[in-house]
Amino acid sequence: MEGDTLRLGKGGGQIDGKVVQTFQKSFVQVQNILDQNRLLINEINQNHESKIPDNLGRNVGLIKELNNNIRRVVDLYADLSTSFTKSTDIASSEGGDSSGGGGAMKYSDGSKGGHKRNRPA
């Protein structure tokens with residue numbers, strides 16, 4: 001992956017290999033957490049179906065772990081979104097976009113996105 005670049009559309013700049021590697025690492029982390037969540041959900045379902053009091057009690061801890069994992073995935077995606085937006089802004093400013101608009105990706109409302117969503121504690 002060293003030396004690889006990601007081209008940002010027509011007239012856009014490029015994102016270097018280190019940034020792409022960082023994205024890949026984050027996506028691998030997300031996938032690992034999602035795989036773990038699948039196992040947790042299966043165990044929670046089995047415990048629920050068994051109706052054994054000890055198993056139902058164990059579900060409390062498993063559900064807490066599942067919720068924490070979901071928070072981690074949300075945070076990783078928020079960080080990825082912010083990093084991607086920053087990377088595209090930097091790459092576009094270096095890419096010599098001829099449209100005069102800076103070349104950064106924009107949402108339909110005209111914003112550049114990348115805002116981290118605040119959620120209640």
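Cβ coordinates are placed from backbone N, Cα and C, and glycine is handled just like the others.
Restricting the average to the domain 'Protein EARLY FLOWERING 4' (14-93) gives a pLDDT of 92. What TrEMBL records for 14-93 is domain 'Protein EARLY FLOWERING 4'.
Residues or ranges marked as region 'Disordered' by TrEMBL: 86-121.
Taking H, G and I as helix, E and B as strand and the rest as coil, DSSP gives the domain 'Protein EARLY FLOWERING 4' (14-93) the counts 75 helix, 3 strand, 2 coil.
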